[in-house]
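According to TrEMBL, the features are:
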- B:71-296: domain 'ABC transmembrane type-1' (DOMAIN)
- B:20-46: transmembrane segment (TRANSMEM)
- B:66-96: transmembrane segment (TRANSMEM)
- B:108-131: transmembrane segment (TRANSMEM)
- B:162-181: transmembrane segment (TRANSMEM)
- B:220-242: transmembrane segment (TRANSMEM)
- B:278-300: transmembrane segment (TRANSMEM)
């Protein structure tokens with residue numbers, strides 16, 4: 001990891017025809033450095049010591065990894081300090097800590113993904129995917145646990161709710177967000193109104209999701225009475241969260257469309273709005289689409305705003321303008337927090353993890369989709 | 001001059017331009033109106049709480065004594081999250097920008113972004129069913145050996161559902177925010193500054209402390225502030241992970257509560273004054289996160305002016 | 001199908017900054033007029049006022065008159081869109097629309113304005129315009145390929161084809177060859193010679209040999225110093241400007257003593 005040891009100075013001019021072999025001589029530039037085998041050696045040593053240490057107080061992979069990491073970081077930094085001096089010792093310590101931080105950050109990611117897969121897969125079946133929780137009571141779950149029969153009840157209604165609410169919030173946010181971005185880039189000319197909108201879009205980005213939910217509830221409470229809970233309220237709440245993301249990504253994409261293309265269209269006698277609609281937006285569309293997809297991926301997993309706006313339903317409801325509606329996130333939340341059968345929670349937990357797997361697959365597909373859109377439909381850079 | 005041939009088609013087709021620019025302007029104004037509406041409607045719905053007889057408020061001693069313990073709980077959870085996520089997040093950003101092999105860097109960045117893509121309810125479920133039970137022995141050890149420090153006072157929670165667990169889950173959730181923003185700023189460090197310090201014989205770490213970190217400081221601060229905004233407002237991780245209770249100093253016992261979780265847990269059954277109380281709590285949260293975010297934006301804006309970039 | 005341009009007492013501003021001062025010039029129909037002068041003298045800025053492209057830049061405005069066969073472009077009630085469909089423009093860097101095929105690029109002026117055009121008329125227009133731009137033989141087999149796949153010189157000729165497909169009266173060219181290699185430049189210069197049979201052509205160029213080769217008349221612009229407005233110094237037959245200029249500054253510039 002040192003800058004100097006990795007350079008490519010010839011160590012030993014190999015025997016060339018007609019020249020006597022040169023005696024092996026240590027390169028002057030690598031004097032005072034740890035030999036190459038030092039770090040792997042320390043690593044092996046710390047693995048052994050870590051294993052030994054972790055067996056003292058009940059072996060587990062976690063303590064083994066922690067002990068090994070600590071011993072390795074301390075030992076390698078100390079040895080580097082002793083051999084190469086304090087400055088290089090500090091450098092080695094920093095390097096190892098940075099690597100350790102990255103590995104540490106991977107632990108929760110790996111753990112979450114592993115848990116969701118391990119606990120979610122057993123619950124995924126066609127019954128789960130295509131049935132709602134309608135008619136599933138504590139007694140149903142008790143029976144399935146006591147008799148060992150398959151767990152009944154599924155997340156069909158929640159999938160429908162998630163898709164409908166997300167669809168409606170996209171229908172609200174995408175036009176509003178795109179038009180706002182168009183205003184900012186094409187019409188606003190950085191005037192006071194444009195700067196004001198940019199500022200408040202930034203503010204909106206920071207609104208906590210539960211506050212967005214409360215806003216939508218409060219709005220519909222004033223309009224329709226205090227118990228108005230239905231899909232469209234949730235869609236409005238999600239729009240508050242989605243609009244700033246759409247504005248931001250569209251704005252960025254419109255800004256990188258070269259001005260030359262706009263001028264070329266104007267010079268052909270094309271009106272400004274047609275230039276925007278037919279030249280600027282098509283040029284930026286892949287970036288905009290990928291930004292919108294990411295925005296959808298972000299709101300599809302939102303839970304808090306749904307809790308306070310759409311209520312909870314056990315049955316299929318395809319009408320966003322009436323009655324309560326379930327979504328995958330709220331389904332997960334309620335299955336965990338208030339299991340269908342308080343005495344036998346396992347079926348509820350299983351349904352929750354299966355729904356979590358479903359949700360994570362949706363989010364990942366949207367994320368990958370966004371990347372694909374961005375790379376596949378990007379305009380050819382052949383200029 | 002009525003004979004100007006260029007005027008013949010004068011107004012034809014201009015309607016499209018007007019409609020389009022009008023729609024764009026309207027959308028922008030709608031956003032401003034929405035934000036104003038958020039404030040106004042929350043205020044309208046919260047008003048009964050501020051007007052009501054203090055004895056009718058939950059706790060029976062007025063809104064302030066109802067709200068301040070959960071405000072402090074919110075701050076504690078967010079503080080734990082930032083204490084963990086800031087150093088780790090910055091180190092991960094450094095790893096991606098300056099340590100990882102070039103070819104892997106963007107892929108690794110995407111892996112960290114995946115952390116941000118996982119829905120909060122799944123983190124909540126993970127914290128509730130995996131992390132909390134796994135932390136029980138650690139909490140026990142802390143309360144037995146470090147119990148004389150108030151924050152580790154025992155007896156430790158047997159379920160692991162404490163504010164410390166919630167803080168750790170929040171840390172995982174804000175880490176990608178801090179990482180991705182810092183990484184961007186690290187990559188903007190002028191290459192000449194970096195090469196200048198390397199040419200002077202600096203080690204990689206010295207180069208980072210001499211040229212990268214000073215350049216990125218305002219950016220890091222604002223990244224941390226944005227992370228703070230997210231941690232303060234995050235609901236599900238806390239609602240699922242924390243076994244709630246009154247305000248207590250110990251981090252390893254059940255207890256404490258945050259605003260967002262308080263709303264989520266109680267809202268579905270709330271009506272009347274209780275409903276208004278929760279909306280008032282939401283308003284308080286809105287104001288707190290607003291202030292935090294404004295500070296972050298102000299730092300970014302000032303930095304932009306000075307750096308001459310953009 | 002071409003008209004003359006008369007400019008009277010034109011001042012060009014960026015917000016309050018006077019960029020070009022007091023230009024009077026008469027540009028004949030079916031001729032090639034070249035604008036030459038050192039960098040920053042305002043010749044491109046002035047060119048953009050001839051089809052109201054100048055006002056696309058925030059703060060851009062003019063005082064004075066530009067007459068297209070006697071009709072003032074800047075009279076109130078004149079739609080800049082109408083002006084631009086009669087006075088086309090070719091830019092410094094080739095800028096075909098990256099999302100469109102070669103054919104769609106040529107038809108852009110028609111299609112973007114949603115004018116109805118039958119398939120056979122469209123094909124005829126594409127062929128006529130591409131032939132007019134000396135590009136037909138090179139691209140006739142790949143009309144549906146993206147325009148950005150062409151070489152720089154071909155892209156620039158595609159942009160010229162796109163411009164003549166709108167059937168303008170005047171074509172303005174803003175240093176059309178500065179991003180091209182010598183062979184592509186030659187092709188464009190040949191094309192300009194043919195274009196003047198049908199159109200009025202105004203070209204801004206940095207290359208004095210080019211001005212001498214292609215233009216009938218030449219206008220020399222100069223600037224007294226940074227922050228001062230650019231001015232039209234001399235306007236005459238090209239041969240006169242290059243062999244026997246009336247002003248000392250023109251002679252210094254064309255003989256390479258500055259600029």
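All residue numbers here begin at 1 and follow the chain in the order shown.
Using the three backbone atoms N, Cα and C, a Cβ is placed for every residue, glycine included.
Predicted automatically and left uncurated, TrEMBL annotations should be read as such.
Among the stretches B:20-46, B:66-96, B:108-131, B:162-181, the one making the largest number of Cβ pairs under 8 Å with the transmembrane segment (B:278-300) is B:20-46.
Long-range Cβ contacts of the transmembrane segment (B:162-181) within its own chain (Cβ-Cβ under 8 Å, at least 6 residues beyond either end) map to 73, 76-86, 88-90, 92-93, 96, 109, 112-113, 115-116, 120, 123-124, 126-127, 131-132, 135, 139, 156, 219-220, 222-224, 226-228, 230-231, 234, 237-238, 241-243, 251-256, 258. Contact between the transmembrane segment (B:220-242) and the transmembrane segment (B:66-96) is supported by 3 or more Cβ pairs under 8 Å, counting only residues 6 or more apart in sequence. Long-range contacts of the transmembrane segment (B:108-131) within the same chain: residues 92, 95-96, 100, 160-161, 165-166, 168-169, 172-173, 175-177, 179-180, 183, 234-241, each at least 6 residues beyond the stretch ends and with a Cβ under 8 Å from a Cβ of the stretch.
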